[in-house]
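These notes concern the structure reproduced below.
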Amino acid sequence: MSFFGLDCVRRKERELERKLRANDREYNLSFKYATNAIKTSKYNLFTFLPLNLFEQFQRIANAYFLFLLVLQVIPQISSLSWFTTVVPLVLVLTVTAAKDATDDINRHRSDNQVNNRKAQVLIDRKLRSEKWMNVQVGDIIKLENNQFVTADLLLLSSSEPLNLVYIETAELDGETNLKVRQALTVTGDLGDDVEKLADFNGEVCCEAPNNRLDQFTGTLTCAGQKYPLDNKKILLRGCTLRNTEWCFGLVLFGGPETKLMQNCGKSTFKRTSIDRLMNVLVLCIFGFLAFMCTILAIGNWFWEVNEGSQFTVFLPRQDATDAGFSAFLTFWSYVIILNTVVPISLYVSVEIIRLGNSFYIDWDRKMYYARNDTPAEARTTTLNEELGQIKYVFSDKTGTLTQNIMIFNKCSINGKSYGDVYDYTGQRLEITESTEIVDFSFNPLADPRFVFHDHALVEAVKLENPEVHAFFRLLALCHTVMAEEKTEGELLYLAQSPDEGALVTAARNFGFVFRSRTPDSISIMEMGQQRSYELLAILDFNNVRKRMSVIVRSPEGKLSLYCKGADTIIYERLHQSCSKLMDVTTEHLNEFAGEGLRTLALAYKDLDEDYFNEWRQRHHEASTTMSDRETKLDQLYEEIENDLLLLGATAIEDKLQDGVPQTIEQLSKADIKVWVLTGDKQETAENIGYSCNLLREEMNEIFIISSNSPEDVREELRNARTSMKPDTPESMFLPERTAVNGVKLMTDEVVSGEYGLVINGHSLAYALERSMELEFLRTACLCKSVICCRVTPLQKARVVELVKKYKQVVTLAIGDGANDVSMIKAAHIGVGISGQEGMQAVLSSDFSFAQFRFLQRLLLVHGRWSYLRMCKFLRYFFYKNFTFTFVHFWYAFFCGFSAQTVYDEWFITLYNLVYTALPVLGMSLFDQDVNDVWSFQHPQLYVPGQLNLYFSKRSFFKCALHSCYSSLVLFFIPYAAMHNTVRDDGKDVANYQSFALVTQTCLLFAVTIQLGLEMSYWTAVNTVFVLGSLAMYFMVTFTMYSDGLFLMLPSAFSFIGTARNTLNQPNVWLTIFLTSTLCILPVVTYRFLWIQLYPTINDKVMFKVRQTKATPPAPPQRHRIRRTSSRRSGYAFSHAQGYGDLVTSGRFLRRPAVSRSSGFANMGRATTGFSPMGRSAGYSPTGRPQNSKAPDVEVTSLQMYRTIRDPAL
């Protein structure tokens, strides 16, 4: 039951295992399993008001103002009207509640959209369309191609041979390559026969709901037989069915119990560090307020005892009023009068400033991505200044740093490098969008999206260069790609790794078109001729071998072994005759690696028929043995993969998003540490780390943590830490300091040099255990950059939480998929990339935009400006209000501690509302120390925000001391100046009303000049606000003190004629000038000496700006970051072991393809209307149909090979 939006769980015991029966709702309902409805919203119609008010009154200031309101309705205490507090309090509560309601309404809409999706459910022996929210555990549902998986399902049957289905798991792990799932044979025989499915009553006993994405254990009992279930038979919610016409599944977990929702993490109420500091400061202010009121109450008691009796003649008292009771009332009266130390207008102004700075992000055209029509969006308005304090950035890889586009960029064939473009003088040219591309029109089966610029390679193909032909023949034969050709000539490649797809597509464009395969043959089109090769063996890839080979027999009967893999692995197996070619190819490989490309070496050998038959027999025996099978197969592979002949090497670019290396470099200069948390394999993540400048060959050392036991992981972490800091103690007693809340915080340790850390998922699981988490954190924080591979969504969140727990820093998480949601929610700031992997990350984020490169502008410009403005605002706001309030304190000693106000009531009312509101808002919305160009030129300007240098407890107390000094000047200078003073005409000017007017005028001038000193960037708006506020003060003052208003309401406008009678005296203006000067002089002196002796980075840059007459230098031209590094193989970095077995077993086979002809036009230009469906340079393994017409703009991100999901889904 769900009441008031809160799930009331009636089960007393935690679920240890799950039991369910297919097609038996009554049986399954007895266990009270969760339905498939999800709920991410916080409120409903009944709970919104009480819950929201409860949350808002957790802010200490709101509770304080509610307390003041209660005091003000007591007439014996209050000297101010109750509405002066209730109106602003209600306004603040209403505005905040409206914003919270809007956010929650959006969450409700999102929930409703998902819960109301339709699914075909087998009910009463018929397939019925039901809403997702009504699907229950034990139901059998039907999924069709390109549909989202409704819940966590046990796959029963599918339309594909051997009951295979293809799924995309981008929402879970960020990977876009297709994965395969296969149903049990016993359920696969059910097919799509509704009657058989309705009669199916199998019982499942499986694990309880958990967040482990890569594990599942359970059994299916059917017809008295038990069948084991594992992860390969499960379809998880969040996956998408691809290239499978239909499938049926049994619901195991629904809604909040699905693995996707278990990994989503909890929504937390995020507060900025300034908010948390403000709560502490407000408590200090309350304590100081109570202290001042206590002093004044004691003073009142002494005054009543010593002086009070003398006033009873003309100041009658109520009976039974003694000095003690008078002091008690005075205490509460001063609580009301001095409450302006924390005015509620502070919180109203803070919300306005945050809202305004959020609009700047929304309106920033430089963060607008025109290709997708996607602007930046500040989805929350409460965290802007936190963007200026980020120390750690946690980033996803796929879709965030990269576009997941593999581009066949360059190659080396028989000692000659292809891919670069040269002019007539032999100088290498930079390839741009205007560079001429190779014309592949001679090949009607070519992919029109494939782009290559070196015409020499296609000429070599046309001239039938044997080495070039052998090179592309190898690429067309040595792979595990599947081809689909639903209509004549329309090829669609399905690859389990994007690397393989890019290589096969490259071969396709250069005339060697892979068209189809069977378990024992591969059909390719070689330069217009259809050829079928007999596939004799696949020597499959694994992480140790780092290569794969195929053994094929050509139509002419020639036996050949084709091998591709990591260059270092291939080189060890080459024939000695290749030594010279190896040297030349090595030079090319180093050049490719220096450009951050993923390299791969290709080799082959011809086989003897008799030897192969004997080897094949031994291979068959090894593959069928039950003991030590893997070792025996590896030995056979090693035996035949030697004395290879080198063909060349390929260089693939894993397409990064634009500006990623430059962005990471800028963030690094700003002392922001970037950690990449990805679900990809270690090799993939390492390669991207080098490409995006996260890892560099110049680093002192890069540590790889990849052990499979806790002891080994601890040892590797300890060894890494010792290498970085040899003098570090071996004990686990870390240098710590205790925070206010009792959590021990690790201090930052400094190491000489730069280091990197790469840790895989298994090792990370041990490293995050309570006994080892401090060791891991300490080692990782010593490194410049950290990459965590094969991590689950919940592990991402745990890494973020670990840093938040033990490091007093601000964290930011950025990602684009549902697998990043838990990390985004866990970090102080969550940023969503609105890419092609759905909108879950964006919906859970605080800020969103389309490209990773916009992050540097969000932090270094908007974040820094927001933090700087907020800190200036708080310093100035506290200064002006403390100064305003402390004058009351000094005046109390001269008015018998009677709670008399020193200012006119109307001035008290309008001081924060009219006279000082707009100038401080103008500064807080428009001020900037330097513009955006200078901010990028000097990323070090960001560092003070990380160190809380602009606003802290120390700066707050300095501000309080400054206010104390100013209040002394503002009270005693006018007091002394007006004591026993007469006007020009000899009349007395020393009266309460004149003194009040002079004091408040001096105050307003002093705080306005102070504001001018705080402001770094004057605009027309700021000038109008400052001068207009002063003008408004004099207009209102002369109006309020006029005869007309006095005659209308004598009690409300008692200062009749005070303004014109006081402000026409020269000595009054001299007093105002002297007071303002004395208030400002120490500030100017202090700042001048401080800038001369201890200039900050801001002072230095601002001085540089003034020197250049505020004309910033042109930003340096961005050069492509080239590295001189050791080469890295890019082979099969997202490839998984075992696909060779699937291919040769026939389990990957599609339906029979349509009949086809060569389609070649004998090297002439094609005039057919062929519309290719495959991809090329930008290859994605998802295999979604694409339009054949190339877009007018450069295709980026996943547009290159992914279609937008059907909105109906």
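Placed from the backbone N, Cα and C atoms, the Cβ positions cover glycine too.
What TrEMBL records for D396, K397, T398, E500, F541, K564, R598, T678, G679, D680, R790, K796, N819, D820 is ATP binding site. TrEMBL lists D396, T398, D816, D820 with the feature Mg(2+) binding site. According to TrEMBL, the feature domain 'P-type ATPase N-terminal' maps to 21-86. TrEMBL lists 842-1096 with the feature domain 'P-type ATPase C-terminal'. According to TrEMBL, the region 'Disordered' annotation covers 1165-1195. The transmembrane segment annotation in TrEMBL covers 80-98, 280-303, 323-348, 873-894, 906-926, 959-978, 990-1013, 1020-1041, 1068-1090.
The highest number of surrounding Cβ atoms within 10 Å, among the binding-site residues D396, D816, D820, is found at D820. Segment contact holds for the transmembrane segment (959-978) and the transmembrane segment (1068-1090), given three or more CB pairs below 8 angstroms at sequence separation of 6 or more. Across 280-303, 323-348, 990-1013, 1020-1041, the stretch most heavily in contact with the transmembrane segment (1068-1090), judged by Cβ pairs under 8 Å, is 990-1013. Residues in the domain 'P-type ATPase N-terminal' (21-86) partition by DSSP class (helix H, G, I; strand E, B; coil) as 31 helix, 1 strand, 34 coil. Of all residue pairs in the ATP-binding list (D396, K397, T398, E500, F541, K564, R598, T678, G679, D680, R790, K796, N819, D820), the one with the greatest Cα separation is 34 Å apart. Its Cβ placed at the centre, R790 (ATP binding site) has 21 other Cβ atoms within 10 Å. Stretch with the largest number of CB pairs closer than 8 A to the transmembrane segment (873-894), among 280-303, 323-348, 906-926, 990-1013: 323-348. Within 10 Å (C-alpha to C-alpha) of D820 (Mg(2+) binding site) lie the following binding-site residues from D396, F541, R598, R790: D396. Through the fold, the transmembrane segment (280-303) approaches residues 60-61, 64, 323-324, 326-328, 330-332, 334-335, 338-339, 341-342, 740, 889, 892-893, 896-898, 953, 956 of its own chain, all at least 6 residues removed from its boundaries and within a Cβ separation under 8 Å. Across the structure, T398 (ATP binding site) and D816 (Mg(2+) binding site) place their CA atoms 8 angstrom apart.
Listed in sequence order, the binding-site residues from D396, F541, R598, G679, R790 having a Cα within 10 Å of the Cα of D816 (Mg(2+) binding site) are D396. Of all the binding-site residues listed here (T398, F541, N819), it is F541 whose C-beta has the fewest other C-beta atoms within 10 angstroms. Other C-beta atoms found within 10 angstroms of the C-beta of G679 (ATP binding site) number 29, with every protein chain shown included.
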